[in-house]
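> Below is the structure I would like to discuss, written out as C-alpha cells.
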Amino acid sequence: MDEKTIKKSILSSSNDEKIIYKSRIKKFQKNHKFYIILLVFIAILQFISIAFFTRGFLLSRHVLDNISSQNETSKLPPRFNKAVILVIDALRFDFAIPVNESHSNYNLNYHNNILSLYDSFASDKDASSLLLKFIADPPTTTLQRLKGLTTGSLPTFIDAGSNFDGTVIEEDNFLKQLHLANKTVKFAGDDTWMALFHPFLSNDSFPLESLNVWDLDTVDNGVMDYFHDHLQQDKEWDVMIGHMLGIDHVGHKYGPDHFTMREKQIQVDQFIDWILKSIDDDTLLVILGDHGMDHTGNHGGDSIDELESTLFLYSKKPDMWRLKETSNYNIDNLGHDYRSVRQIDLVSSLALLMGQPIPFNNLGWPIDEIARNDREWSQFVNSAISQLQLYKDTMQIHHGNDEILEPLAKNISNTPPTSDPEKFVKLGHKYQKVFLQTCEELWAKFDYYSIATGITLLATSLVLLISITKLIPSIVVNQMVPEFVPGIIIMVLVTNLCFHGIFYVYQQPSFVDQFWGTLLATAIGIIIGCYITIFDRYNFIWIAMRLGETLADYWSRIAVMFMIIHALLFTSNSFTIWEDRIVAFLLSTFGMLTLYEFVFLPKRQSTTALLTATISEKEGTTSGVNPSTANSNYLPLTRFARLLGGYHSAVLIIFTRLASMITICREEQGEYCIPTFNNQNNSSWWVLGLCFLMIFILPACITGYYNLTSSYQAAAPIWINVFLKGILGLNFVYWSLTSLENNSAVIAIPFLRDVTIFKFTLARIIAGFSLIASNVGWLMGPLCIKLNIHNTDVKSHEATILGYTNIYGSEFFLLVINVLISILLFNKPLAQLSYFLMCNQLLSILEIIDLLKLKENIIGPIALGLLSYQHFFTTGHQATIPSVQWDIGFMLSEKVTFPFTQIAIILNTFGPHILVSLSVALLTLWSQPPDVLKPQTLLGRIVSNCGILLTYNTILCLSSFIWVTHFRRHLMVWKIFCPRFIFASLSLIVTQLVVTFGTIAFASGRLIKHINDIFWK
C-alpha cells in the first residue's frame, strides 16, 4: 500500500455516509441560493430608502428655460466687440499679488511667481486695468463654478456630484446669448466646456482631457499653442476662451508647496504677459480663477483658501474703469482686506460690457468699477434691476421678504435713474441683496414626504436585519429561508398591482410619480413578505424577550454601547468632525477590555457562545453545535491561551495607536490636528523605506498567524511568500517611481523624465493579477492543509492533517489577501502602511474572538466595523468632498475610462470597508474545523455575523439621516452633516454589495461546499 492509497483511505467514507452527505449538501446549496436572494431583497429595500431620502434632502433648484432679450432689458451699446477670456484653474488670490518675503505664510513655490496681473494694475495710470478678489460660491468643483460664471445663478449641493458627468446647460447663459447674437466663440482647454456649452462653441474649438490630474502640461500647452495660432492671425472670432489646468493639477498631485508649482506659475505668467501685448484696442481681456485651493491642493469645500480666486479686467483703451479709493486695494496680509466681488457678478458685468442681454436666471450685480461715470452706472443698474424683476415675476416667487421687496420695487419705480442716480443705485443694490437672500432660502426647501419615507423604510430594514440575523436562531432561519423568498416575491407583485391600480383609478399623490411609486410598492412588498413569514412562527412578545436575552451578556452590552456612541456622534458638528479620533478610541477601548479579560478574568463564563453551547448539550443540537464540543467551551483558558490573548490585545492596542498617527485634517479641526498624510510625506524616503520593509514584514506576520494553527501548508506559502511578497515589491517600485517624479534633484536625469508609460504598464500588470488572476487561482488552488504520516511504515494508518483545525479560515484569508493586494495598488504609501497595521489588527481580533469563544457574539462584527472606519480615516480620507483622492482614478489610464477609473476610486475610498465586509465571515470560519458544524449551520452563522455588520452600518446611516434632517437649517449642514450622510449611505451600499455578492454568494458558499466535498462532513 503506497502513501497515496493511505491518504485516500483516511478521507474515505461509507456509501451510507455519502448518501447522507449528498442529501445534506443538496439542501445546503438550495438554502445558499435562498440566502442570497433574501439578502438581495433586503439590500434593495435599503437602496430604495436611501434613494427616497436623497431625493428629499439633496436640493435641486427649479430652472426656467426662458431666454432674455434686448426688449426685456434695456438696450445698451457695447463697449467692446471682442473679448479674450482666460480661465486659470485654481488661481488663488494670493498667487496673483506680491507677498512680502518676511510674511509668516510666504512660500517661494507659490508666491511672487505671477506678477503680470498686479504689475499691470499697480502701474496703470490711465485706468485700463482692474484686479479684484473673486469669491466663489461653494461647492468649488469646476463644473459648478463654470455654471455660476456663465449663468449668474447659485449651485446646489447635489450639483457637485455631477462634476464628472456634465450635460449641456439648457438655461440661459452668457455663451448662449453670444450664440444667439451670431457671435463666434472659439475655445481651447478643459473639455468640461464642451460638455456644457458645445452647441454654442465653434467647430474649430480644441477641447482637452481635463480630469487626469497627473498630467500637468498637455492642457496648458494646448491652450498656449491654440492662442498663438488664432489670437492674432485668425480674425474669425468674437470671443476666445481658454481654460488652463496646470496650477490646479499641480495642487492635486503634489500640493501647492512643490517646486513644480513655481515652474507652472512662471509659465502662466509669461503667457499672460504675451496676451497683454497681443490683444488689440477693441478687445476686452478677462483673466480669472474659478476657485482657489487649500494647503493640500484640493478644493470642493468652502474654506477661505478654496473660495478666494482672482479676477482681472484689461483693455488697451484708457479710462475703461472707475477705480475706488486706493485703500480698497490693499495687498497687505495676503490681501485680506482687498476689495472682493462674487463670481455671480461677472455674468451681468460681461453682458453689459459686450452689449448682450443679461442671462435670464442671473442673480448677480454688476461690478461697480465697470461703469465710467454715474450716468453709465445708473444705466447698468437699471438693466440689472429689470432683469431681476422679470425673473422674480416669471418665477412667481413669494416669500416673507416680499414685505421688503415690494416697497423697494415701488421706490425704485418712483425714482428715475437720471434725476437721483445715487439713490436709485442704493435702492437697486438693496433689492438685489434681499432678492438673492430670498432665492437662497427658497431653494433650501426639502421634500419632507420623501425624507420621512426614506427614514421609515431604513428603520424598518434595520428591524428586519436584527430579527432575521440575530434574534431568530440561525438554525431556525435555515428552515425559514425557503419561505421568505416566495413570500417576498408574491407580496412585491401584489403591492405593485395595488399601488398602480389605485393610481389609475384615483389621482396620483403629488409627492410620488409612477417610478417612485413602483419603488415604494416594492419596498412595502419586501417588508410585508418578510414579516408574514416571521410572524407565522413568532410574535412581538417573543421577539422582545429574545432581544433581552441577546443583550444579557457582558460583551453584547459593550457592543451596543459602541454602536450607540458612534451613532450619537452625528448629534453635534463638534463630535462629527472628530469622528476619526473617537473611532480610534473605541477600538482601543475594545483592546483594553479584552486585555483585562485575559489578564484578570480568565474564568469568565457568561458569554453568549458558552450559553449556546450549554443549551446545545442539554437540548440536542438546536444551535448546530456538536455536543461533544460543548463541554470544552466551559473550560477556563489555559495559561498559554491567556498569554496569547494578552499578546493579541496588546498588538491591537499598539497598532490602533500607530494607525491613528496617520492623519488628514479637516479645516474645522484647526490647530488641534497636525496632518501627516500629505504629498510630502507620501513621497518621502522614510515612508518608502517602511513600505520596502513591509514587503518582508507583512508576509512574515501573516505566516506567524498561520503557524498558530499549523496552516502554513500547500497554498499558503505560494500566496503569502510568493504572490503577496511579489506584488508588494512591484507596488514599491511603482510608488518609488512616483516619488522620483516629485523630486527636483533627480527629475532632470534624462531617462527618469518620463516614466509614465512604464508606470501604466506596471499598474496594469498588478491590477490584472490581483483583480483577476489571483481570484481564479483561489478558485482552483489547493487548501492550506498537509497530510503528515508519523510512522515510516507506510502500512500504518497513523497520520495527522496539518492545518485541519483552521482549514476554513486559512483558505478564506487567502481571498482576503487577493483583495488586499488589489486595494494596496490604489493607495498612496502612507495608506499602505495603514493597511499593514489593519491586516495585523484584523488577525488579532479574529484570534481574540476565537480565544474568548465569542464567535456568535455581536462584539466581533462591531469590532471589525470600528476597524473599517478607523482605517477609512487613516488612509487619507475624511467625510468631505475635497478628501476624495481623484488623482488615483488615473493610475490605469490617462483619461476617464470606464470602469477602470471608477474601480480605482472605489477601492481607494472604500478599501477598508471592502476588506472588513469580506473578512467578517472569518469570525465564524477562523479556527473552525469541518467536523464541528454542519454546512447549513456554518452558513447560517456567517450570515448572522454579516447581518450584524450590516446592522451596524445601517444604524450609522439611519442616525445620519435623522440628524442631518434635524440640522437642515444649521450653518454647517452642507459642510459637515450632509457629506457625512452621503458617506454613510455609500458605506452601507458598498458593505451590502460586498457582503451579499462577495462574502455570501461567492466565497462562503464555494468554500464550504469544496471542503465538505473533500471530507464528506
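Just so it is clear, glycine is given a Cβ too, placed from its N, Cα and C backbone atoms.
OK, Swiss-Prot features for this one:
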- 34-54: transmembrane segment (TRANSMEM)
- Asn66: N-linked glycosylation site (CARBOHYD)
- Asn71: N-linked glycosylation site (CARBOHYD)
- Asn100: N-linked glycosylation site (CARBOHYD)
- Asn182: N-linked glycosylation site (CARBOHYD)
- Asn203: N-linked glycosylation site (CARBOHYD)
- Asn411: N-linked glycosylation site (CARBOHYD)
- 457-477: transmembrane segment (TRANSMEM)
- 484-504: transmembrane segment (TRANSMEM)
- 515-535: transmembrane segment (TRANSMEM)
- 558-578: transmembrane segment (TRANSMEM)
- 582-602: transmembrane segment (TRANSMEM)
- 644-664: transmembrane segment (TRANSMEM)
- Asn681: N-linked glycosylation site (CARBOHYD)
- Asn682: N-linked glycosylation site (CARBOHYD)
- 685-705: transmembrane segment (TRANSMEM)
- Asn707: N-linked glycosylation site (CARBOHYD)
- 715-735: transmembrane segment (TRANSMEM)
- Asn742: N-linked glycosylation site (CARBOHYD)
- 806-826: transmembrane segment (TRANSMEM)
- 829-849: transmembrane segment (TRANSMEM)
- 947-967: transmembrane segment (TRANSMEM)
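Could you place these features in context, so I can see how deep they sit and what lies close by?
For Asn66 (N-linked glycosylation site), the same-chain residues lying six or more positions away in sequence with a CB closer than 8 A to its CB are Asp172, Phe360, Thr394. Classification of Asn66 (N-linked glycosylation site) by DSSP places it in coil, neither helical nor stranded.
Taking Cβ-Cβ distances under 8 Å and a sequence separation of 6 or more, the neighbours of Asn100 (N-linked glycosylation site) in its chain are Tyr106.
Secondary structure from DSSP puts Asn182 (N-linked glycosylation site) in coil. Using a 10 Å radius centred on the Cβ of Asn182 (N-linked glycosylation site) and all shown protein chains, the other Cβ atoms total 7.
In this chain, none of the residues that are 6 or more apart from Asn203 (N-linked glycosylation site) has a CB less than 8 Å from its CB.
Other C-beta atoms found within 10 angstroms of the C-beta of Asn411 (N-linked glycosylation site) number 16, with every protein chain shown included.
Only residues 6 or more beyond the boundaries of the transmembrane segment (558-578), in the same chain, are considered here, and those with a CB under 8 A from a CB of the stretch are 551, 586, 589-590, 593, 666, 668-669, 857-859, 862-863, 866, 869, 879, 952, 955-956, 958-960, 962-964, 967, 970, 972, 976-977, 980.
Long-range contacts of the transmembrane segment (582-602) within the same chain, counting only residues at least 6 positions beyond its ends with a Cβ under 8 Å from a Cβ of the stretch, are 558, 562, 565-566, 569, 575, 636-637, 642, 645-646, 648-650, 652-653, 656-657, 659-660, 841, 848, 851-852, 859, 863, 866-867, 869-870, 873.
Annotation for Asn681 (N-linked glycosylation site): spatial neighbours Val687, Leu830, criterion Cβ-Cβ under 8 Å with sequence separation of six or more. Look at Asn681 (N-linked glycosylation site): DSSP puts it in a helix.
Using a 10 Å Cβ-Cβ cutoff, Asn682 (N-linked glycosylation site) registers 23 neighbours.
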> Quickly jot the same-chain residues contacting the transmembrane segment (457-477) by Cβ under 8 Å, restricted to those at least six beyond its ends, or write none.
38, 42, 45-46, 48-50, 52-53, 484, 523, 527, 530-531, 534, 537-538, 543, 546-547, 550, 622-624, 858, 936-937, 940-941, 943-944, 946-948, 950-951, 954-955, 957-958, 961
> Is the transmembrane segment (685-705) in contact with the transmembrane segment (829-849), using at least 3 Cβ pairs under 8 Å (sequence separation of 6 or more) as the test?
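Yes; at least 3 Cβ pairs under 8 Å.
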> Can you work out which residues elsewhere in the same chain, 6+ from the ends of the transmembrane segment (515-535), have a Cβ less than 8 Å from its Cβ atoms?
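Same-chain contacts beyond the flanks: 41-42, 44-45, 48-49, 51-52, 55, 450, 453, 457, 460-461, 464, 467-468, 472, 480, 483-484, 487-496, 498-500, 503, 508, 543.
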> For Asn182 (N-linked glycosylation site) and Asn682 (N-linked glycosylation site), what Cα-Cα distance in Å is obtained after rounding to a whole number?
51
> Among 34-54, 685-705, 715-735, 806-826, which stretch has the most Cβ pairs under 8 Å to the transmembrane segment (484-504)?
34-54
> In whole Å, how far is Asn682 (N-linked glycosylation site) from Asn742 (N-linked glycosylation site) when you measure between their Cα atoms?
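On Cα coordinates alone, these residues lie 10 Å apart.
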> Let me know the most crowded of the glycosylation sites, choosing from Asn707, Asn742 and counting other Cβ atoms within 10 Å.
Asn742
> Using a Cβ cut-off under 8 Å, which residues of the same chain at least 6 positions beyond either end of the transmembrane segment (685-705) come close to it?
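Apart from its flanks, the transmembrane segment (685-705) reaches 712, 716, 720-721, 724-725, 728-729, 731-732, 735-736, 739, 813, 817, 829-830, 832-833, 836, 839-840, 843, 847.
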> Can you tell me which parts of the same chain pack against the transmembrane segment (806-826), counting only residues 6+ beyond its ends and a CB-CB cutoff under 8 A?
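Sequence-distant neighbours of the transmembrane segment (806-826): 702, 706, 709-711, 715-716, 719-720, 723-724, 727-728, 731, 734, 763, 766-767, 770-771, 774-775, 778, 781, 783-785, 832, 835, 839, 843, 846, 888, 891, 904-905, 907-908, 911, 914-915, 918-919, 921-922, 925-930, 938, 1003-1004, 1007-1008, 1011.
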